Amino acid sequence: MTVSSAPDPMLPEPLRIARAKRETHGVFTFELDVSARGGFPFLPGQFNMLYPFGAGESAISISSDPHQPDRLEHTIRAVGAVTRAIERLGRGDVVGVRGPFGSAWPIREAEGRDLVVIAGGIGLAPLRPVVYHALRRREAFGKVALLYGTRTPDDILYRKEIERWRGRLDVEVEVTVDTAGSDWRGNTGVVTKLISRAAFDPGRAFAMICGPEIMMRFCARELERLGVSLDRIWITMERNMRCGTGLCGHCQFGPSFVCKDGPVYRYDRVQDLLLVREV
Amino acid sequence: MPASAARLPVVLAAADLDALVQALAGRGYRVLGPVARDGAIVIDDVRHAADLPIGLEDVQGPGRYRLERREHDAFFAFTVGPHSWKQTFHVPVERLFQIRRHKEGFSVLPDATPRLHVALLGARACEIHAIEIQDRILIHGEHPDPRYAARRGDVFVVAVNCMRAGNTCFCASMGTGPRAERGFDLALTELIESGAHRFLIEIGSDEGAAVAAELPVRPANPEEIGAAASVSERTAAAMGRRLDTSGLKERLQKNLEHPRWDDVATRCLACGNCTMVCPTCFCVEFEDTTDLSGETAERTKRWESCFTLGFSHVHGGSVRSSIKARYRQWLTHKLAGWHDQFGSSGCVGCGRCITWCPVGIDITEEAAAVGLPEKDG
Amino acid sequence: MEQESLARSIAQHPLVAGMSDEHVDFLSGCVRNARLDEGQFLFREGQRADELYLIRSGKLALEIHDGARGTIVAETVGGGDALGWSTLFPPYRWELDARGVHFAHLFAIDGACLRAKLEADHDFGYAFTRRLLNEVHSRLQRARLQALDVYRARP
C-alpha cells in the first residue's frame, strides 16, 4: 500500500521580505514576496506560522487585503524570542511560512447589516482585512464603524491609513487610547465607550472584535447591553498555536482547537467557556 | 484488509506458534510483540515464539505493576504494559526536516519516513481501537500527518484476545474489548485446558487467510469455538473496573468548576506519565535548533504532555498554570472533547494511566466523581 | 416660553431622555445653557463644585495633574455624557480638572437647586438618581478596564 504524497503541512516555505515598515515601538509590518508562487490567497482572520531561520515559529495573523492576494502582509509585535528574531530581519531576508490556517471572519454573513469592527491594540491587525473588504464592498453593508482602542497615542497602528479611512464619509472611524497626556486631542478612555456612542442599529448590527480576552469580554457585554444579538458577535481566541493543523494539541480550547476551529469564534458558542478560569 | 465471508476459525497447537512468527518473518515483516524486559512487558522484536513472556503474569493496581511467574506456560497470560503500539507509528521523537541557509535564502530538506513493514504480534482489542482512534486523527482528519500515514501503510495485525483481565483495565465498559471484533488479520485466543494448549485463530483478512494456510492448522471444532468465546466472557466478567459512559461527556463539560478537580489536584504530580503511556494521547512539541555554524537548522517533533506548564503558554504566561486546570484539561479532553473533535471517546479502557500513575489516580474514579454532589467530610 | 424650549432640548440628552415631561420641566428650572471654548477650563480640582453638566456636543478632557508625571488625561467626554457628580455630595469640591478639547455646548444644572428638588420630590429624585447611577456604573466599568492596562506587552 502506498501513501499519498499530500504536501506536508509542517514544511515551511521560504518567502522573501519585499518591504519592511516600522509601525510603532516594537510593532512592524512585513510584506512578503509571493509573486513566484502566484499570490497567497487567504480569508480575513486566518494566520500563518512564521519561521525565522532556526529560531522557532510564531502564529501571526495576515493583515493585508484579501482581494489582493499578490500582497501578503503580517503586522508583528516583538514580544517573545521568535518575534524578536523576526524583528531583526529586513528587506531581502527570507522567512519561512506555513499556512494559511484557521477560521475566518464571517464577512459574507455580515452583508446587509451594520458592521461594527472593534479592535484593541495589536488586535487591529487581524481585522484590517475585514476593513479592506468592507471598504471594497461598501455597498454590501449598512453602516460601517471601526472602533479602535490602544494603549497610548504612540501605539496607534496604521496611522496614515486610519486617517484616510476617517476621511471617508461612509465609514465611522473612532480611535481611543487608555492613557494620554494633555497634548493628545483624540479620545481618551477604553474602547467600550466608543461602542455606546457609535452610530449603528443594534438590531441589525454584526460585530467583530479582536483584542485581549478581557477587552473582548467587556465589549461583548456592552454590545449585549445595547441589544446586539449574541450570535452576531464574533471574537478571536489566543492559545498556544504550534502546528496550525490541530495535531499537536497545544491550542485546545474546550472541545475545539483554536488553530483549526478558531481563531475566529461566534461569541455565544464560547461565552460560557470564556468565564471558566484556565480552560 | 477487506472482509470476506466463510473464513472459518482454525486451531494451532501452542507448540507450533513459532511457525506463525516465521511465516510473518518469511513474508518480510518485522515482527514486533511482547517481551519481558526490566521487570515489565514491553514491545520489541520477536524472532521466535520463545522470545515471548512465557508463563509470566502481570499484577497491576493503581500505581503498581509487577511481573510474576506462574505454573503454566501460557504465551499471553499478561495484559498491557507500559508500551503501546503508539510508539511504533506515532514515534516518540523524529526529525522532520533540515534547513540549509545559502545566498538565496534557505532550502528545506524534509526527512524521509522509513517505510514500515511490521507485524504486530499480540495486539489487544483495546490497542486495535487505540490505533483506529489515532488513524482517525492523524490520517483521516483535515490535515493528515504524512509520516504517520506512511508508517501505518503496511501493517499485519495478529490480535490476541485477553485470557485475563488486568486489575486496572475496563475495556468491557468502553466497548473496546476484551475480544477483538475487527481490525486484525488474525486473532488468537489462547486455550489451556486439560493438558491441551492451543490457539483458536480467527481470520480477518485475505492476507490473514494466506498466512494461516502456511501454518500447521486444522479446522476448529464447535467446542473449541465455544471455549474461545467463554475465555472472552470470563475476562469481561473479571474486569476490575468500569467507566459509566452514559451522559459522561455532558456531565464533565457542565462541571468544569466541580470541587473534585481541586481534590484530584492535591494528588496529581503533573508528571505526565498518564499521557505518555496512553495509547491515544497524540500531543507533540516541536523543537527548532541550529548547528554551531548557524548554517543548518532542523525541526524535531517529540511527544509532549498537556501536564507541562509550557504546554499552554501564550503571550503573558500559561493559560493552565494550576495542576487542577491541567488535569481537568486532560480528563475532559480524553472523555468529552474528544467526542466533539473526533467522534469517539479518547479512552479505550486499557488502564495504563491508572497503573503507571505514581500516585495511583484512577480515571474511572475521577470521572465518576465529577458532577456528583460533594460528600460530607 | 424660553423655559419650555430649554426643557424640550434637555429632554434630548441621553441622561434625561425618557423621563416624564413633568420631571423634565421640574428639572429645567435649575438648568442654564453653557459653552466651553477649546483650552478653557470648565472647572479645576479643589474648586467648589456647584454645577452638574450634561454635555450636548464637543469634547472635554478630565485631567489630573501630577507633579512628576505631568498632566494625565483620565478620560475624554463628549456629547451625550454627564459630568460633575461631585456637586451632589459634600464637600462639593471637584476631584479633577475639566478642560475643553473641542468647543462644547453644555447644560449646566445648578447644584443647590438640583439637590433641593431631589429632596423635595422623591419620585423625581429616584428617576434622576437612577439614571445618574447607571452613568456612574458605566464609568466605573470603564475605569476598571482602563486600570487593567490590557494592551501592555507581557513577555
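Cβ coordinates come from backbone N, Cα and C, glycine included.
The shown structure was predicted, so the numbers you read here are calculated from the model rather than taken from an experiment.
The [2Fe-2S] cluster binding site annotation in TrEMBL covers A:Cys243, A:Cys248, A:Cys251, A:Cys259. According to TrEMBL, the domain 'FAD-binding FR-type' annotation covers A:10-107.
Where TrEMBL records a feature, it is marked here on the structure.
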residue  : record                        : Cβ contacts under 8 Å, 6 or more apart
A:Cys243 : [2Fe-2S] cluster binding site : A:Pro9, A:Met10, A:His250, A:Cys259
A:Cys248 : [2Fe-2S] cluster binding site : A:Arg242
A:Cys251 : [2Fe-2S] cluster binding site : A:Arg239, A:Asn240, A:Met241, A:Arg242, A:Phe257, A:Val258, A:Cys259, A:Gly262
Practice problem: Average the per-residue pLDDT over the domain 'FAD-binding FR-type' (A:10-107) and send me the rounded value. | Solution: 97
Exercise. List the helix, strand and coil residue totals of the domain 'FAD-binding FR-type' (A:10-107) as derived from DSSP.
Key: 10 helix, 44 strand, 44 coil
Exercise. Measure from the Cβ of A:Cys259 ([2Fe-2S] cluster binding site) and count the other Cβ atoms within 10 Å, all protein chains considered.
Key: 29
Quiz item: Quick one: of A:Cys243, A:Cys248, A:Cys259, which binding-site residues have a CB closer than 8 A to some CB in chain B?
Solution: A:Cys243, A:Cys248
